[in-house]
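Below is one structure, written out as structure tokens, with a few remarks after it.
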Amino acid sequence: MVLTLGESWPVLVGKRFLSLSAAEGNEGGQDNWDLERVAEWPWLSGTIRAVSHTDVTKKDLKVCVEFDGESWRKRRWIDVYSLQRKAFLVEHNLVLAERKSPEVPEQVIQWPAIMYKSLLDKAGLGAITSVRFLGDQQSVFVSKDLLKPIQDVNSLRLSLTDNQTVSKEFQALIVKHLDESHLLQGDKNLVGSEVKIYSLDPSTQWFSATVVHGNPSSKTLQVNCEEIPALKIVDPALIHVEVVHDNFVTCGNSTRTGAVKRKSSENNGSSVSKQAKSCSEASPSMCPVQSVPTTVFKEILLGCTAATPSSKDPRQQNTPQAANSPPNIGAKLPQGCHKQNLPEELSSCLNTKPEVPRTKPDVCKEGLLSSKSSQVGAGDLKILSEPKGSCIQPKTNTDQESRLESAPQPVTGLPKECLPAKTSSKAELDIATTPELQKHLEHAASTSDDLSDKPEVKAGVTSLNSCAEKKVEPSHLGSQSQNLKETSVKVDNESCCTRSSNKTQTPPARKSVLTDPDKVRKLQQSGEAFVQDDSCVNIVAQLPKCRECRLDSLRKDKDQQKDSPVFCRFFHFRRLQFNKHGVLRVEGFLTPNKYDSEAIGLWLPLTKNVVGTDLDTAKYILANIGDHFCQMVISEKEAMSTIEPHRQVAWKRAVKGVREMCDVCDTTIFNLHWVCPRCGFGVCVDCYRMKRKNCQQGAAYKTFSWIRCVKSQIHEPENLMPTQIIPGKALYDVGDIVHSVRAKWGIKANCPCSNRQFKLFSKPALKEDLKQTSLSGEKPTLGTMVQQSSPVLEPVAVCGEAASKPASSVKPTCPTSTSPLNWLADLTSGNVNKENKEKQLTMPILKNEIKCLPPLPPLNKPSTVLHTFNSTILTPVSNNNSGFLRNLLNSSTAKTENGLKNTPKILDDIFASLVQNKTSSDSSKRPQGLTIKPSILGFDTPHYWLCDNRLLCLQDPNNKSNWNVFRECWKQGQPVMVSGVHHKLNTELWKPESFRKEFGEQEVDLVNCRTNEIITGATVGDFWDGFEDVPNRLKNDKEKEPMVLKLKDWPPGEDFRDMMPSRFDDLMANIPLPEYTRRDGKLNLASRLPNYFVRPDLGPKMYNAYGLITPEDRKYGTTNLHLDVSDAANVMVYVGIPKGQCEQEEEVLRTIQDGDSDELTIKRFIEGKEKPGALWHIYAAKDTEKIREFLKKVSEEQGQDNPADHDPIHDQSWYLDRSLRKRLYQEYGVQGWAIVQFLGDVVFIPAGAPHQVHNLYSCIKVAEDFVSPEHVKHCFWLTQEFRYLSQTHTNHEDKLQVKNVIYHAVKDAVAMLKASESSLGKP
């Protein structure tokens, strides 16, 4: 991986430079400059603090610089392209350069260095450039041929650990790049962050401000500055801005800033408090300011009488305010005020696309980086360095701080012991009367039976309380908590967040018990424990604070602190108590039996809460994902069984609008996890197991790094507290209900707990009873299986008497010699089976076998592969709603001599082989697909077949029977296409002219599809001007040829509905298969997630790009090979055929033919005169591992490295051209679907299916994601894969919450079936 932004120039502000002028050297010009003595030339060095404009190619470019060795007061503006200036070099990227070894001078080694790039070269440098080796202050000159790009960042980190100075600087470079990336993007996650803005006022160098809004469209920040109140908008590309960090903390084998994993519903899954960015080292000295006209910053620096040079760039003059940019609410400063702002960050030389890091720990000590535990891990790219001699403390970057009034409040009822006086609401009473809740409410323990009563817990909390004892007066407590928003016990059925606005409805205020002097007095007299109902910062200062509250309390501006307690990790979790002296202290934590009706009602199948589904849908969902749910429950039970009997399990109730995430791997926490009782640090089961296993074996835990506790103490696994989110035994109760309902409705169960004799869902005793259910007598579950070479675990289903025999004695149940079905053994078991209700086989011998529990194979040999918690639910399982023949086939498996299991034979593939027009046993021929004929399925749905009868194409997007036919192919993991949608859409809304008119002035990033280089400083109008006009396109610098561009992340993030409401409505009203694709679709499992939770962002998202028409362009992709965690429907809403390009049709036809398209597709283009937009290549999800192995093989052949935390598919670094596709088919037998997407076509891509896109003409595509019951298994696999990606991958964070989605989908399906039992006479 090369840490650079390609060949494009990033921003100049904050970068080091070298300048050479004729006035400072020999007279006579370039001829007198001797390259042999280039190091002796009179170079001047320094730092760029501001620029006149962002276009570095314009000859009027001026930069404000501070020269090394001079005071910052002597800063000045210089003309980069002046006549006297002979060279101007700026820091560009990180490379490896040869140098003599510091230890062994006669040895030449490769050393990381920052390379300078020539912005101006009139001195004849040519191939000579300057580099500065990390750890050195001086620059040297070397030939560019001696420089090598850095391919393996992780190996480099490990090699630098012995040199603390170099290691720290290397770490600081990465962090500063992350800072710069978010500042330049106008990232909304910076809201609430404190920043330093460079000032051109002679009296000060910097001034402080707080970010109150980020505008990704205009890439500007709206700030609140006390020193200059009129300053509202800042452009970090023009003036130096730094994010202020007050603290660094060392995390295991790397250093990271503290990360807040609580998610706000206000921005649908983005971090409420993202990782703080590091500030640069003490700024170098600088020089006097020359007065410059104010036209440079214009509206970008409102109210500032800028001291910067004028700009001749027409874009910088009189630019109207971009759409959706913050309102201009600042008045100009009075005359005489010359405060200004510029950034100071070191060069952003790094090319990792950063994900916004999150604020993590709050404390650090000197010397942490020198410890062995601080060595950099192979999978972690977020490395921070500790500045010398200081301990800086981070400020939280919170989304909610600028929206205090709209912060989501927890709509939760407080447990009974929370208030001394009894309180109840009508909603609580209504819920309590629900029959499903009666037995749960009867088991709710008394207030005296809690975690604090156990001696083990009290011993652990004593140290926490020793420093917190302080006499508390009621009035004092009341004043401290006066800003607390009251929580509501009323069940709120409204969404936490609507996409049409960024506001959330604040529930009616309810004050903390500590604000009521009478209640406080009663609590002091009785000594009764109560639940913390306010944030830590509003309680007594001496009590231990959680990580969020600790960071929040460090903010200098108290007005900007969060006033909502929901982001406190101890809110509605920790128990407090007044001792006999009236001192408030920590008493313990809630336990699973302390729930109330509202808390338990969120997790139980309550019939009155089920909307938007029907009986058939509920049966179908349960048949498809019921087994996955069972595996999930088994995994939770296994994890619970590993907890020592004497350990207490705490209960952390779900908080509305907050998503609990693992502080280590960013995975959404479903239920069981481990929490630090001192700071609230939380880790998932997988990370806990991995850490504990490594600690026991004495190995370094390098996969993920753990942040530190208060006072830099290490989080040891044995000191963490097991905690569950689902109250009581609700999880196991729902598991029992699932089996009961499936039995009553005849829904087949193929999960390991199908045989009830093993009682896998026997509910473990709650830990507050200090009892642990023994697991003796239970058969091994899927959690004991060891992964094979493939990350996908394949099930072995052996039924009947074979279940009791050793696995080695199992005989193949079907012949392997001449059967025409033997080819099915080569298929993976990942496909969901298709229903077969038409044929019922009478096989009494097999009837009992079908219902047996498939035993698990023993471990053939000790495995070194760590088996993770999630892997127990990654095993593909068959569809339960199937006929006897399918169950027979799924239950009949064979073992090879070496103990490996053959894949089950799948009924759907048998059908596929029987209905083909022609069959052949020749493996070299293309496999034919399943041709679903209306006469066979009983449907009358217009459709035809593409890709040699392997791709279903539905012709009527509004046909009510589409989803029935669609489902038959979708089950098998096949993509599907629907045509004719453009006839339903409002075409005027999707034309380029409408986008240009509405958004033309917005500033965006563009990507050159041929080079993947990022082009900054362009506008939306620049892109649309060349959309259908080749001569009017932006041209590259070298050949001055029109570039093939695509809009990068536009509209940004989740802004599609807000920016384009009419287009959103038009799309949602006409998108085909609304049962799957609409947000409220009955087969879209994401719709089952209650509004109580943070909803995942599933789009829509736009993809706008020019076409790649020339023969040379066939090796490039508009979107390289990648895969997505969710299903997607991609709609071609507009195809633009550009002017000024000859022989377009001939080249497009050749590209279609070269792309392996079939004859019918070519006929659509030639005879049907349809507009082809894009060429897709989609591969089956089951072939992902083969494709990954192939790409790694090719990269090794090309001399490229394969870092452990990177992936050739997830990196999106490959496009498979014809030669690579041919090799993939010949060497690995992998063939995909070559699909040409015409205007109005909708391509449905299954979750986990690798795919790539090559635009034939200029295209506007819109994609909507969804979660279908047929492909949930791929979501599991991908979520586990993404945990191991580097922190800079956009897919690293688990935003889908697949476990929560499955749980609530099953819960609602069960509720619907139970509600229908009485009407259908079910007992």
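Quick reminder: no glycine exception, Cβ is built from N, Cα and C everywhere.
Quantities reported herein were computed from a predicted structural model and do not represent experimental measurements.
Database features (Swiss-Prot):
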{"type": "BINDING", "residues": "His1122, Asp1124, His1251", "note": "Fe cation binding site"}
{"type": "DOMAIN", "residues": "1060-1283", "note": "domain 'JmjC'"}
{"type": "MOTIF", "residues": "885-889", "note": "motif 'LXXLL motif'"}
{"type": "ZN_FING", "residues": "662-687", "note": "zinc finger"}
**OP:** Give, as a single whole number between 0 and 100, the mean pLDDT over the motif 'LXXLL motif' (885-889).
**Re:** 36
Subject >> Environment of His1122, Asp1124, His1251, the listed Fe cation site - residues of the same chain whose CB lies within 8 A of the CB centroid >> reply: Thr1119, Leu1121, Leu1123, Ala1128, Ile1245, Ala1249, Pro1250, Gln1252
**OP:** Go ahead and report the DSSP secondary structure tallies for the zinc finger (662-687): helix first, then strand, then coil.
**Re:** 3 helix, 6 strand, 17 coil
Original post:
Cβ-Cβ under 8 Å from His1122 (Fe cation binding site), same chain, 6 or more residues apart: which ones?
Top reply: Ile1209, His1210, Gln1212, Pro1250, His1251, Gln1252
**OP:** Give me the non-local Cβ neighbours of Asp1124 (Fe cation binding site): same chain, 6+ apart in sequence, Cβ-Cβ under 8 Å, ordered along the sequence.
**Re:** Ile1245, Ala1247, Gly1248, Asp1265
Original post:
Hey, does DSSP put His1251 (Fe cation binding site) in a helix, a strand, or just coil?
Top reply: strand
**OP:** Please work out the number of neighbouring Cβ atoms within 10 Å of the Cβ of His1251 (Fe cation binding site), leaving out its own Cβ.
**Re:** 23
